[in-house]
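**Q** Take this structure, written in C-alpha cells, and hold onto it; I'll ask about it next.
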Amino acid sequence: MKKTVDVSLPIGPVHPCFKEPARIKCSTAGEHVLSAEIELGYVKKGIERIMRGRPWQEVMFLAERICGICSVIHNMVFIESVERISDIKVPKRAAYLRVIVNELDRIQSHLLANYSYCYTIEHETLAMYLLNLRETAMDQIELITGARVTCAYIIPGGVRFDLSKESEKSLLGALEKIEKDLIRYNRMFESGPLISLRSRDVGILSKEDVKESHAVGPTARASGINIDQRTNHPTYQDLGFKPIVRDSCDNYGRIMIRFDEVFQSIELIRKCLEKMPDGLIRGGGEVGAGETTWIGEAPRGELTYRVRTDEYGRIIDIAIQTPSIMNIEACGHYMLKGVDSAADVTATFISSDPCIACNER
Amino acid sequence: MFSIFCYLREFLRPEWWKKFLFVKTAPLVTPPHYRDFPVLTGNECSHELRCMMICPAPGAIEVLKNAEGKWEPVIYKGHCIRCGLCVEACPDNVLTSGDILSVNEKEKTYFLASYHLNVDDSICMRCGNCSVACPVNKEVDPQLAYTATSSSNEVIMRIKNSKLTIIHPEKCTGCKTCEEACPNHAITVARVLEGFQDED
Ligand code: SF4
Ligand code: SF4
Ligand code: SF4
C-alpha cells in the first residue's frame, strides 16, 4: 500500500513562484493542503509611528506611500478625515474629480491583481494583455494628476489640478479602449482553454467563512456579501452606486468580480464627467483640532483611518486599518484549507489580491 | 472545442497581426503639469520661506544667500520627492517644475500659509538659543546676543523674567531655525496652510 507522507511545505518569503515577502506554511498530505498559516513581518515600515507629531502636509505624502498600488485611496481617506475634523467643505467639481481619479486607480489596481493571478497560473499571454491595458489607465492618472503613483492629488478643500477639455477627451478615449479590450480579455478568461478551469472550485471561501474572518472588498463580495463602503460616500450616493456581488465563492469568482468592477468603474467615471459642474476646484479652510474615524473603499476592501489632530493641524495620533490584513486572514485560515494541489496554493493566495505593503504599513 | 476556436479567433484578428508585425510604441505625451525637480525661473526671491515650510520632504529645500548676496532656494535632489508644492506655494514664482506654474496661474490656485509658535515650558530651559538664532529677531535687534534678553518689544520672542515669551508670532516666516537651534525640542513651529482658488 502506498503511504501518504505529511510534510510541512513552506512557500516564500523568497520563492520562485511567489514574489511577495510573506511566508505560507502549508501542512500537506500528499498534494492536499490540510491547513495553512501565513507569516508576515519581514518588511515592517512602522509608518503610523513616523506619522505621529507631523503636520498634515507631511502625513499626506506618507499616507499615499503606504501602498504603491492603491495610493489614491489612502490620500483620499486621509484628507477626507482631516476635512471632517475641521469641517472643510469641498466644491462639487473637486468632489467629482476625486471620484474620477479614485476609480481610475481602482481600474489599474484590479487589472494588476488579475494580471498577477493569470501570471501565477502561467497564462502569460493574458497576463501581459492585462498589464498592457493597465498602462492605459496609468497614463490617464498621470495626465490628470501629473504623476503615476504618488500623485498627492487631493488636498484639504479640493484637488490640485483641474481636468482640462483635452484631458477629458483623452480620458473618454482611454475608457473606450479599456472597455473594448477588456470585453475580449474577459471572454478569453471565461472561455479560454483551461484558464478558468484551473480556478473553478479552488480556494472556496463560503459566506459563513467571510463572516468569521471578516474578509472585505472583492474577496467578500465574490462570496455573496453585499458590503461596499462606497455606498456610504456622499459623492458615490449622488452617482447612484450599487455594489456588485457574485456567489461562486472560488478563485474564479474573485477574478470575475474584479473584471465586473472595472466595467462598473468605467461607467462611474462616465457619469462623473457628465454630471461634473464647472467652477472652483479649491475651497480653502484651515485644518483644526479633533478626532474622527472615516472609512473608504480601497480596491481591496474597506480602509479605515482614525485620526486625531491638534489645533495646528498636526497629527497627534493615527491608526490605519488596511483591507489586506483581513483578506490574508481569510486566505490563510479558510481559502487555502483543502486546496488540492500545491500549485494552487499561490494562485489561491494571489486571487485574494494580497498586498504586503498595506499589511506591513 | 469551442475554447480552441476562441483561441484561434484571438490570434487571427488582423489587429493582432498588425501589432505583431509593426509594433510601435505610442509617443509619450507629457502631462500638463509634469513634475520634475524644481528649477529657478529667475524671479527674485523675497525670502518668505513658504517653499521651505510647505515642503514635506525633510531637508529637500533650503533658502540660502548666493554669491551676489541675494536669497535663493536650493533643491537637494536626493531628498526632493518632486511633489511640486514649493512651486505652488511661492508667492513670487521663483520656482518652476514642468507646467505646474502655468497651470496654477491659469486656474488661479495658491496656498496661504501662516505659522504658529508653541513653547513647551516644562522642557524649555531658557537658554535663549532660539531667540538668538532667529533671523527675524537678529534683523530687528542686532544687539540681541547670548542671553536673548532684548530691550526691544519688536522681536518675535525673547527671554523675559527668565521665561521665554513670544511677543510677535505673526512676524515669523516659518524657517524653523529656532526648532533646529533648541537643544531640547522645546519650541515647535506649526504651519497652518490653506489651499485657495480665486473666482473669476
Ligand atoms: S517661497 Fe519663494 S520667495 Fe519665499 S523663500 Fe521660497 S523661493 Fe523665496
Ligand atoms: S518639489 Fe516638493 S519635495 Fe521637492 S523641494 Fe519642492 S516641496 Fe520639497
Ligand atoms: S521659525 Fe523660528 S527662527 Fe524662523 S522666523 Fe520663525 S521664530 Fe524665527
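Backbone N, Cα and C atoms are what each Cβ position is placed from, and that goes for glycine too.
In case it helps, TrEMBL gives these features for our protein:
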{"type": "BINDING", "residues": "A:Glu48, A:Ile320", "note": "Mg(2+) binding site"}
{"type": "BINDING", "residues": "A:Cys67, A:Cys70, A:Cys355", "note": "Ni(2+) binding site"}
{"type": "BINDING", "residues": "A:Cys70, A:Cys358", "note": "Fe cation binding site"}
{"type": "DOMAIN", "residues": "A:124-281", "note": "domain 'NADH-quinone oxidoreductase subunit D'"}
{"type": "DOMAIN", "residues": "A:284-361", "note": "domain 'NADH-quinone oxidoreductase subunit D'"}
**Q** Taking only same-chain residues 6+ apart in sequence, whose CB is under 8 Å from that of A:Cys358 (Fe cation binding site), what do you get?
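**A** Listed in sequence order, they are A:Ile66, A:Cys67, A:Cys70, A:Arg300, A:Thr322, A:Pro323, A:Ser324, A:Ile325.
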**Q** Should A:Cys67 (Ni(2+) binding site) be counted as helix, strand, or coil on the basis of DSSP?
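**A** Reduced to three states, the DSSP call for A:Cys67 (Ni(2+) binding site) is coil.
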**Q** List the other residues in this chain whose Cβ sits within 8 Å of the Cβ centroid of the Ni(2+) site residues A:Cys67, A:Cys70, A:Cys355, in sequence order.
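**A** Filtered neighbour residues, in order: A:Ile66, A:Gly68, A:Ile69, A:Ser71, A:His74, A:Ser109, A:Ala298, A:Pro299, A:Arg300, A:Thr322, A:Ser324, A:Ala357, A:Cys358.
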**Q** Fewest neighbouring Cβ atoms within 10 Å: which of the binding-site residues A:Ile320, A:Cys355?
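**A** It is A:Ile320 that, of the binding-site residues A:Ile320, A:Cys355, has the fewest other Cβ atoms within 10 Å.
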**Q** What is the one among the binding-site residues A:Cys67, A:Cys70 whose Cβ has the most other Cβ atoms less than or equal to 10 Å away?
**A** A:Cys70
**Q** What is the interatomic distance between the Cα atoms of A:Glu48 (Mg(2+) binding site) and A:Cys355 (Ni(2+) binding site), given in whole Å?
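**A** A Cα-Cα distance of 17 Å.
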**Q** Could you put numbers on the helix, strand and coil content of the domain 'NADH-quinone oxidoreductase subunit D' (A:284-361), residue by residue per DSSP?
**A** 27 helix, 26 strand, 25 coil
**Q** Give the helix, strand or coil assignment DSSP yields for A:Glu48 (Mg(2+) binding site).
**A** helix
**Q** Provide, as an integer number of angstrom, the distance between the C-alpha atoms of A:Ile320 (Mg(2+) binding site) and A:Cys355 (Ni(2+) binding site).
**A** 15
**Q** Including all protein chains displayed, how many Cβ atoms other than that of A:Glu48 (Mg(2+) binding site) lie within 10 Å of its Cβ?
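**A** The Cβ of A:Glu48 (Mg(2+) binding site) has 17 Cβ neighbours within 10 Å.
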